[in-house]
Amino acid sequence: MSKVVETNHPLIQHKLTLMRDKNTGSKDFRELLTEIAMLMGYEITKDIPLKDVEIETPIQKTSSKVVAGKKLAIIPILRAGLGMVDGLVSLMPAAKVGHVGLYRDPETLKPVEYYCKLPQDIGERDIIVVDPMLATGGSAVAAIDLLKSKGAKSIKLANLVAAPEGIAEVQKYHDDVDIYVASVDERLNEHGYIIPGLGDAGDRLFGTK
């Protein structure tokens, strides 16, 4: 079974509270999302391998550690996932960025794919799939299905807020994918929205309805 890592850092929880507030506008919402994604990046990349290198400080030569050339890819689920990309890329500037376009049918709540553009060497990369919301889990499962069909082998999922139902759905179909969240919320309501959640992340991010 995959692990679920809830990042309870005080700064993340503070910024998430501001994002939940219905009076927070799109500009602040975007900035907070970028900041939280960057802070979550420290936990998500905790297991990246290191190697020793020889360097020379202003004082003397020494052995020190650098990331061991691991190839990374960040894959946002469009469109809300775009809001998490800049924060992670600021930590991992060499990472490639692909895109998976899915929307949730309002009647069936099932994901519908409309776009997919991935790095050609996707099978050689450690992948971080990002989406602020993990609600029913349908979009995340569909995105991971698609990535695996393209050869992806090492995948993590990063969300701001998740419903227990969404976590269970991802683990049901992809028990090899670890899930990183800022908060596991209470449940889904009858419309498939996370309670208490933060509303429609895409609409709040881009100022649309």
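Backbone N, Cα and C define each Cβ position, glycine as well.
On a predicted model such as this, the values are computed, not experimentally measured, just so you know.
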Query raised in the report: If Swiss-Prot says R79, D131, P132, M133, L134, A135, T136, G137, G138, S139, D200 bind 5-phospho-alpha-D-ribose 1-diphosphate, which of R30, R104, R187 does it name for the same site?
Result: R104
Report summary line: Those binding-site residues from M133, A135, G137, S139 that fall inside 10 A of A201 (uracil binding site) by CA distance are M133
Report task. Consider each pair of residues in R79, R104, D131, P132, M133, L134, A135, T136, G137, G138, S139, D200, all listed by the record as binding 5-phospho-alpha-D-ribose 1-diphosphate, and report the largest Cα separation in Å as a whole number. Result -> 17
Report task. Taking the recorded uracil site as I194, G199, D200, A201, identify the other residues of that chain whose CB atom sits within 8 Å of the mean position of the site's CB atoms, giving them in sequence order. Result -> P132, M133, Y193, G197, L198, G202, D203, R204
